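J.: What follows is a structure written as structure tokens; I'll ask about it next.
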């Protein structure tokens with residue numbers, strides 16, 4: 001196990017790579033920032049666990065190839081602007097793990113521990129999203145992104161229906177959320193940044209609870225060693241991540257719906273809404289099953305601070321939902 005000092009240093013290196021890549025004025029600087037982020041993330045996810053060695057190698061190969069394609073496309077854009085912009089879009093979609101290039105994300109994400117999984121699903125997506133926003137999309141790139149939105153929505157909805165692994169469930173949910181994030185990104189609307197912030201906040205809440213309870217599979221949620229406070233907090237957090245109104249997760253989706261205009265955006269939005277309903281279904285199924293348990297037989301195994309953090313998460317989610325309702329009322333007036 002890496003000690004806390006080196007773990008912290010690798011984490012700082014990851015953030016430094018993100019900062020360099022999104023603030024660079026040249027493609028070489030972008031590539032250098034992405035590579036710094038990559039070489040710091042690899043030891044961060046291994047953390048002395050030999051089981052993570054193979055996923056780290058696969059992650060490295062995918063990210064290194066995507067970075068090379070991005071660098072090559074960027075420096076060649078002077079002569080072949082249209083084609084190179086399309087290649088830039090492809091390379092960034094690969095780095096994001098967005099549809100249809102999500103297979104590595106599904107496999108690697110399911111092999112990581114919760115803290116590393118959270119970093120993969122949040123910090124590692126910042127640079128590709130920002131670069132996709134500022135790269136300037138042509139018609140070919142727009143078609144690719146709309147296709148990614150539709151495919152990601154469908155796969156994210158259907159893929160998680162019979163899934164028992166909580167990490168895979170969150171990966172499929174991430175594909176759906178990625179589609180919602182890329183909707184404003186196509187029209188160069190900074191609303192994607194707001195959505196990404198809310199997504200990171202909701203995912204941190206869910207992952208923190210799963211980390212405290214050491215849950216990795218759905219059948220573990222029926223364990224009698226989990227207190228009713230943990231189960232109720234997990235239920236609210238899951239429903240918020242699924243976008244159930246009036247919880248916090250519905251707020252960014254509503255803003256994207258209000259922003260959407262044009263036939264192609266509305267067509268993509270239809271698939272996103274339908275897939276979100278399916279996503280909410282498997283979250284509801286898991287959550288309602290937990291509520292059916294006999295809580296009188298459940299003994300708490302959490303410390304006071306852990307219980308307090310869960311109650312705080314639940315309060316933030318519900319209060320955020322109430323604030324969203326008030327915002328909607330003032331917005332519609």
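Placement of Cβ uses the backbone N, Cα and C atoms for every residue, glycine included.
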J.: Pick from 117-137, 264-284: which range has transmembrane segment per TrEMBL?
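T.: Matching range for transmembrane segment: 264-284.
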J.: For which of the residue intervals 165-184, 225-244 does TrEMBL record transmembrane segment?
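T.: Residues 225-244 are the ones TrEMBL records as transmembrane segment.
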